[in-house]
Every structure is written in structure tokens, then in C-alpha cells.
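Trainee: Submitted below is the structure of interest, expressed as C-alpha cells.
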Amino acid sequence: MRAWVRAAAVTAALAGMVAGLTGCMTVHGETAIVAATTEAEAGKALERYVRVTNEAHAAFDADLATTVQSGSLGDMERASLTARKAVSPEGDAEFEPLELGEAEFHIPRQAGWPKYFLASAPGRVGDTEAHWLVMFSRGGVDADWKASYLTVLAPEDVPAFARDEDGYAEPLRADAEDDLFVQPAELGEKYTDFLRTGKGAVFAPGPSTTERRETRAEAANRPAARNEWDDSPADPERYPVTGLYTEGGGAVVFFTVHQHTKQTVADGYTPTVDPLVEPLLKGEAKRSLTQSYLYQQLVTVPEEPLPGARVDFLGQRSALVSAEGA
């Protein structure tokens, strides 16, 4: 399922729980499993998303961006563009157009709402070849398709998605116990537990796991400041988990978590507030600054049981969504 897509540039903010899997749907009074969308409709959704998002990024227009974005992606973009508009009311003077290559659409057959599909398209980040994966979802037949998750990967890291005998993608199911190393609905809790405690053998070592903990430990106590972190899983109703099975077993899963950072400074010091934080700041940062982030993850989940099985991070992106001073 492929189509050509042209777009204006995706800016740095784009590049830089089980409720969303499946449920029941009434079609002419009956429950049915149907294709989430058609190739043609998916192509239009992707074209509209890229066109509108890039118009919004050029003008730092948060309201425009949220007409084609939802979930954690929508909340991340709204906060980011709101801050950037406050700092640069004239918009992005360095905005450059981008052409995405031939897009492939992974469309599952699903019962119920919300439904989703994945768009996969090659492009470039500067002079580097890259690949965009955009998950679209909608909550009803009259609703617009909106992008709810986004990640940008190196071309060689793009997963091979499974298809059924009719060519449809295979979605994670909410009504079945999948033969996976970790159930998708548990990923947010297990990940944030690991970040807090360092315990468990669920996630592979890397920048988003073991190295994140090491960086925090090094930055926790400075001569003039104490830094603290608190991580928590996201609300599964507000930020549904979505995913697809991959060839040869296993699955790829998008999920969202919260991160709160608090810096408390010593007497005689004041927290440094970045210009892009100030528009999102409530209160005055006299002694402490608390910043709240949303993190989107794309991970691979292997089948169970496999010797040495681990959840691997393919991509992660974050955005500040609020801040509070005291």
C-alpha cells in the first residue's frame, strides 16, 4: 500500500492504554471487523497532516497544528509551538521545504473505535537520509484522521511489519493475551519503574534506559542545586498505546510516559529559566523550577519466551508541556 507524498519541511520539533488497540464497533447494527481506512484515504490524511503541520510550524501556530494532531503528539506540539510563538512572534524564518518519498501504509482490520493506521515514508534530516513513521488515529467515522505518534528513524532501523493473507497489517489486540515478552499496556509502568529504581530485566541497555539513569545520577547533586526526577505512566484513555505485529514474531509499540524534573537551588542562587520555558511557566522560580515533559517511545517487543529477550528502543522524543516556579 504505497502513495507519493509531497510536503514542506518537518522542523526540529517534529524530527527534534490498551483502549487504543481494538474494541467493538457497530456497523448497520452489527459488530464487524473492517479495514481501518482505504489506501486513498490514508494518503490524503498523510498529505494533509504534513501540509498543515508545516504551515503551522512556519508560523508557530499551535491551534492550526492541533487540527491534524492528537494525543500526546498534539499536546507536545501545542506546548512547543506556543512557547516558540511567544519568543519569535514572526514565525520560523529558516523554514525549508521537504519532499517525502514513496509512502507505505500499514492498514489493519479492526473492530471498534478508535481505529489507527501507520504511514511510513522516507525523507531527509538535513543531509542525512531518514524515515518517518506516523501513527494516525480517529475516534469515529465522522472524525478526521489525526497523527497521534511520530518517530524518525535511520532507514536501516525501520521494522518489517507483518501482513495477513489479504495484505492488511496485523494490529495489537485488546481482547487477546498476546504471546509477547511484555504486554503493551504494561510498558509505561515497567519503563517508569525502571527509571525510578533501576530494577528489572525488561529493557535493553541504552540511551533511554541505563544511560538515562547514569546521567541523572551524575546531575542529581551539584554544589548549588539539587536535581530530582519523577516518572509516571500516562493515562491510557488520554494517550492510548498503539502497535503492530512484525514479521517473524514480536511487535512494535508506541506508548507515552510523563517525566517531571525539579531543580532546587541553594541560598543566594536562582534557577535559570530558558526563554522557551518562560511562556509555559506558572509562578516565579525563586528557589525551585519544576518542568513537566511528555515522552513518546517506539519500542520493539519480542515474542515470549526467547532467551535473553529484551524490549528495545527504536525511537524516543520529548517535549516540555508545562513548568512551575516556587
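Cβ from N, Cα, C; glycine included.
Annotations in TrEMBL come from automatic prediction, not curation.
According to TrEMBL, the domain 'DUF8094' annotation covers 35-325. Positions annotated as region 'Disordered' by TrEMBL: 202-237. TrEMBL lists 210-229 with the feature compositional bias 'Basic and acidic residues'.
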Trainee: Given the model, what does the mean pLDDT over the domain 'DUF8094' (35-325) come out as?
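Mentor: Average per-residue pLDDT within the domain 'DUF8094' (35-325): 94.
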Trainee: Based on DSSP, tally up the residues of the compositional bias 'Basic and acidic residues' (210-229) by helix, strand and coil.
Mentor: 10 helix, 7 strand, 3 coil
